[in-house]
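Read the structure below first, then the notes.
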Amino acid sequence: MEKIQKVLTIRSVTIREMLAEALGMYILMVFGLSSVAQVVLGKQNFGQYLNINLGFGIGVTLGIHAAGGISGAHLNAAITITHCILGNLPWIKLPAYVIGQFLGSFTAAATVFGIYYDALYDYSKGNFTVTGPTATASIFSTYPAAYMSLPGSFFTEFLATAMLHLGILIIHDEKNNRALRGTEALLTGILVLGIGMGMGMNTGYAINPSRDLPPRIFTAIAGWGTDVFTAGHHWWWVPITAPILGSLTGVFIHKIFIDFHNLSVTGGGNEKGQTAVEVS
């Protein structure tokens with residue numbers, strides 16, 4: 001085993017961070033997407049909407065534990081971009097983080113597709129659709145409810161992501177009433193659970209480009225076709241842009257209302273880029 005370990009050990013810190021983000025995202029998405037699949041394909045005989053919220057919350061918690069000590073467990077391209085803008089993470093590391101997140105998310109979608117292929121075929125009679133009574137594309141990516149306008153959908157995702165990053169900063173705030181050490185991953189999972197329970201109805205609370213785009217690409221390849229990009233008034237770009245703006249806004253709110261005025265600790269905080277954070 002020592003010889004195998006020596007051969008397989010990766011020395012590059014950036015590659016290790018990419019692999020950590022990939023595994024953390026894979027864990028998050030397998031729990032999350034499989035919970036959606038079970039609720040939809042089981043026709044709510046094997047769970048309700050709360051099961052989906054819990055599935056993503058549990059996935060977030062375990063994903064952070066898997067990657068937190070290596071990459072900081074961003075598990076969210078919007079969070080990573082925000083860290084780069086703030087100077088907490090070098091821009092040169094952005095591609096590695098995002099590639100890792102996208103790889104984990106895409107692979108998780110393929111895994112859940114494989115697990116539930118027979119159920120998908122039985123539920124839809126082999127006709128994979130984005131809309132209609134037997135639509136199944138929403139198992140993998142988010143789509144707005146039929147009553148939602150595009151501006152309303154954008155605002156929902158924007159606000160939900162702002163609350164996500166605001167909550168993460170509160171949990172990790174060294175100068176304030178931060179969470180007990182060791183509980184951050186659990187509380188972040190509960191945070192995502194709360195967002196799903198309170199703000200999930202309109203758009204499915206993507207709050208994360210890395211959660212939404214890779215599975216959407218997978219469904220386009222796996223049989224749902226290009227409708228995954230045109231449905232919901234070409235909704236696909238909203239879960240990419242709204243979370244980025246929302247994440248930045250969450251940071252701004254925390255600094256304006258709390259951080260700029262709280263000087264109780266100097267020189268505190270986590271190492272750059274190492275705050276364990278997520279999304280769903």
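Yeah, the Cβs are placed from backbone N, Cα and C, and that goes for glycine too.
Feature annotation from TrEMBL assigns transmembrane segment to 20-40, 52-73, 94-117, 154-173, 185-207, 234-253.
When Cβ-Cβ distances below 8 Å are used as the criterion, the transmembrane segment (234-253) is approached by residues 76-79, 81-82, 85-86, 141-144, 150, 153-155, 157-169, 203, 206-209, 211-213, 216, 228, 279 of the same chain, each at least six residues removed from its ends. Counting only same-chain residues 6+ beyond the ends of the transmembrane segment (154-173), those with a CB under 8 A from a CB of the stretch are 78-79, 82, 148, 179, 184, 187-188, 191-192, 195, 199, 202-203, 205-208, 238-239, 241-243, 245-247, 249-251, 253-254, 258-259, 270, 275-279.
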